[in-house]
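Take a look at the structure set out below.
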Amino acid sequence: MQFMSSWAADDNRTLLHFSKSTLETFRQHVQASDSDCEAGGLLLGSVHGTHMLIEHATVPTAWDKRFRYLFERMPFGHEAIALARWTASQGTIRHLGEWHTHPEDNPNPSGLDRSEWNRLSAKRRDKRPTLAVIVGRNALYIELVPGSGQGSVFSPVE
């Protein structure tokens, strides 16, 4: 499968670009077989006006809860990486959002996904929307979720 690196919001006002290493992390955790559990982590990168460069995706840790149809990220490990990147970059690299896998070709968010995204977005200190990515077997689902109201869904840019 080939995941695209550049994406645009449905209104074309926001662009995203995923680094090669971020896309490789997604590829390594696709739920290709019936026994594969969901995986996920944080999305770290930089903000450029309304646009974002996603430079790193943390990988599941031993503390995370992973099941076929559920991933629960525990703070241990992920937050330490985010803080280290933020400190080393003097605040340039920040926590932009979260990613996780679904065992389906073309993923869509569940009700649980939506409620979790809304909760995470509402508690952000910087008041920016949360970037939410679901990695399917053949495609990505990408949405920028504000603290309240409707989010922006992204499509690949050729």
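Note: Cβ is positioned from N, Cα and C throughout, glycine not excepted.
Residues annotated as active site, proton donor/acceptor in Swiss-Prot, with similarity to another entry given as evidence: Glu38. If you look up Swiss-Prot, you'll see His100, His102, Asp113 marked as Zn(2+) binding site.
A separation of roughly 13 Å, to the nearest angstrom, links the Cα atoms of Asp113 (Zn(2+) binding site) and Glu38 (active site, proton donor/acceptor). Apart from His100, His102, Asp113, the Zn(2+) site neighbourhood in this chain, defined by C-beta within 8 angstroms of the site C-beta centre, holds Glu38, Gly40, Phe71, Thr101, Pro107, Pro109, Ser110, Ile134, Val135, Tyr141. For His102 (Zn(2+) binding site) paired with Glu38 (active site, proton donor/acceptor), the C-alpha to C-alpha distance reads 6 Å. The two recorded residues, Glu38 (active site, proton donor/acceptor) and His100 (Zn(2+) binding site), have Cα atoms 7 Å apart. Under the three-state DSSP scheme, Asp113 (Zn(2+) binding site) falls in the helix class. Minimal Cβ crowding within 10 Å, among the recorded positions Glu38, Asp113, is found at Asp113.
Long-range Cβ neighbours of His100 (Zn(2+) binding site) (same chain, at least 6 residues apart, Cβ-Cβ under 8 Å): Glu38, Ala39, Gly40, Gly41, Phe71, Arg73, Asp113, Val133, Ile134, Val135.
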